[in-house]
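So the structure is just underneath, and the comments pick up after that.
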Amino acid sequence: MAAADWGGKADHLAGERATAQFDVDGMKVAWAGSRHAVEVADRMACLVASDPVFRKDTRTMLSRKELFKDTLKKAAHAWKRTVELHLTEEEANLLRLYIDQPGYVDLHWVMFVPAIKGQGTEEQQKKWLTMAYKFQIIGTYAQTELGHGSNVQGLETTATFDPSTDEFIMHSPTLTSSKWWPGGLGKTSTHAVVYARLITEGKDYGIHGFIMQLRSLDDHSPLPGITIGDIGGKFGSGAYNSMDNGVMRLDHVRIPRDQMLMRLAQVTREGKYVHSDVPKQLLYGTMVYVRQTIVADASRALSRAVCIAVRYGAIRKQFGSKAGGPETQVLNYKTQQSRLFPFLASAYAFRFVGQWLKWLYTDVTQKLESKDFSTLPEAHACTAGLKSVTTSATADAIEECQKLCGGHGYLNSSGLPELFAVNLPACTYEGDNVVLLLQVARFLMKTVSQVASGKQPVGTTAYMGNIQHLMQCKSVVNTVEDWLNPAAIKEVFEARALRMAVNCAQNISKAPSQEEGFSELSPDLVEAAVAHVQLIIVTKFIEKLQEDILGHGVKEQLQKLCGIYALHLIHKHLGDFLSTGCVTARQGSLANERLGKLYAQVRPNAVALVDAFDYTDHYLGSALGRYDGDVYSALYKEAWKDPLNETVVPDGYQEHLRPLLKQQLKLSRL
Ligand SMILES: CCC/C=C/C(=O)SCCNC(=O)CCNC(=O)[C@H](O)C(C)(C)COP(=O)([O-])OP(=O)([O-])OC[C@H]1O[C@@H](n2cnc3c(N)ncnc32)[C@H](O)[C@@H]1OP(=O)([O-])[O-]
Ligand SMILES: Cc1cc2nc3c(=O)[nH]c(=O)nc-3n(C[C@H](O)[C@H](O)[C@H](O)COP(=O)(O)OP(=O)(O)OC[C@H]3O[C@@H](n4cnc5c(N)ncnc54)[C@H](O)[C@@H]3O)c2cc1C
């Protein structure tokens, strides 16, 4: 029977939508940031969904080669449409996002171009960006090596200045110095910003960025002295395998001196090294920029998983039928709600903190342009910390959403396995999450010591200045309703973060040296960093609620979600809150009681709350998460697309199945 025989055009989720107590359009605006953002996103999502070239429903069934070629095709088509339709930068970025297939263009726009913008002189920008903006060259960001990724200062590739020819000699001295991982490097990029140790006048000046041409612009073959290829298949079907992450070895490749990115430091014609009067950490500027964008990616990925699990949970029924009556929607089970609704709340929380982080980044960039570097450490700590906490939580949540969808969640057609596989590496790329949390911890330890010497901290650590109160305060919560008070919530998060940081600082001071103490206490420091970052997320959610939020019932729903986000963290990390004396066991159980009530209040709004993400069925790419809820027809239809179903009798029957069956049959007749 054909799937269409079962599926109609009916909205199987209409009943769910009818119970919503708020204006979904208003929530779309709150989620997207503005009415304009909703409108542009809608237009670009529809453009992608209606174009057959951007089809992705059979992507997980393609071989690696087919998938790669499909990615090249999509990228070229996207560029063609961008030019034909004169898309703005905002529109073109959204177009790329909704195509939803990692590829070389991501590295080109998100890392190569920003690296040149941030580290190139005006002259270099003019030369290289002009070509990059027109796709006359394709660039990547080649930093990580086979032997070192996290420890950037440990990279081994060398760039030795030769004054006799006014060139740098780029070289990979060891196997472990091979560049390894850069996206688009394997098969596509014609150019790269390559990070290497600058050596001039016999002295090693550490890591700097250099623009290198890698492949011929005529026939795409690697230039002499460059060995280059793909590093091999990665986790999951489809997923990140569309990206040609690459390996590259350099054998004394010469490039002109003016291809060193010279905004932060220069090498003169004579070979003198000159450093500008800017902090050398600006070399890491591209990573700060990208980490900030990854927070927005995390909220998007999480919201997609939640959208799938909520809609499916409203359709899927198990148990509970009495005398032939309907079974229970699995979304009505309290266990399902307590697992799923914190993710729904987290998706909104990450979205809002991502919007704030974008503002922070813009603000810091403007300050840097006027040579004010004072907010750089805070920008580094916030981007590193938020990137870590949001990507780890998102990867865990997508995996859990797969379980929340039962067996069908494990099918590629649910969209969840691919979503997990694509987002899991975000915990590692742009800085391993633990390594980055240790950077946050280092910033916190510095701030604690500044507070001890009487300095008033600012920005996201301003709360630490309230040390007298926060070190000894007791939560005012006495009833379940008291946990509705944002000030009470914020205070316990502040007290927990500060007390954990101060405990670490005190314990470090007992160690023989600061370094030994930091290393010994690093697991505690990571937890203190997480507490600080969670405080930022909670605070930014609370601040969002103080804005003008339009639309009937929208603010009320967001207040509930904010409560769920904060209280589920108290429940999950109760050990921290108890051991630091920020809440009592009774207050902890009141928080849990409040949480249960909030779940019940969110339940009738759950489907509408995921509708507000405004995702097309194309972008969601899930038989379980379809807008119309026609899950079973979709699953049935998707199954028949599998290459195994191309023939009724499978390939291999004649060689392997038939002889086996025949032989066994013969034996049984003996
Ligand atoms: C889209 C997908 C594609 C993926 C692409 C990639 O993955 S690309 C590859 C992505 N790869 C990675 O992400 C690699 C991850 N690794 C790293 O980023 C660095 O190696 C490190 C930060 C771990 C250590 O850095 P280090 O060896 O220099 O040692 P240190 O700890 O002693 O720090 C010295 C000082 O610098 C400060 N500072 C540090 N970073 C920043 C910053 N961004 N901004 C501002 N400041 C920063 C730090 O606070 C400290 O300040 P203080 O206290 O002296 O005032
Ligand atoms: C899909 C993907 C795409 C990528 N794209 C690019 C790209 O385009 N360009 C590019 O240059 N790179 C890219 N990378 C590389 C990426 O940036 C690195 O993998 C990342 O920075 C982590 O470094 P590593 O692999 O060396 O991990 P390692 O540092 O070797 O980590 C291994 C383990 O050691 C732990 N560890 C390491 N140092 C410490 C420490 N000081 N204290 C405590 N624990 C520690 C980590 O937590 C981790 O558990 C990509 C990686 C992936 C997976």
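The backbone N, Cα and C atoms fix where each Cβ goes, and this holds for glycine too.
If you check TrEMBL, you get these features:
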type	residues	note
DOMAIN	23-138	domain 'Acyl-coenzyme A oxidase N-terminal'
BINDING	Thr144, Gly183	FAD binding site
DOMAIN	284-445	domain 'Acyl-CoA oxidase C-alpha1'
ACT_SITE	Glu430	active site, proton acceptor
DOMAIN	485-662	domain 'Acyl-CoA oxidase C-terminal'
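Taking the features listed in TrEMBL, we show where each one sits on the structure.
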residue	record	DSSP (3 states)
Thr144	FAD binding site	coil
Gly183	FAD binding site	coil
Glu430	active site, proton acceptor	coil
Between Thr144 (FAD binding site) and Glu430 (active site, proton acceptor), the C-alpha gap once rounded to whole angstrom:
10
Would you mind splitting the domain 'Acyl-coenzyme A oxidase N-terminal' (23-138) into helix, strand and coil residue counts from DSSP?
90 helix, 0 strand, 26 coil
Taking just the CA atoms, what is the gap between Glu430 (active site, proton acceptor) and Gly183 (FAD binding site) in Å?
12
Average the per-residue pLDDT over the domain 'Acyl-CoA oxidase C-alpha1' (284-445) and send me the rounded value.
96
Note down the number of other Cβ atoms within 10 Å of the Cβ of Glu430 (active site, proton acceptor), including every protein chain shown.
25
Sort out the sequence-distant neighbours of Gly183 (FAD binding site) for me: same chain, 6+ apart, CB within less than 8 Å of its CB, listed by position.
Pro102, Tyr104, Asp106, Leu107, Thr140, Tyr141, Met243, Asp244, Asn245, Gly246
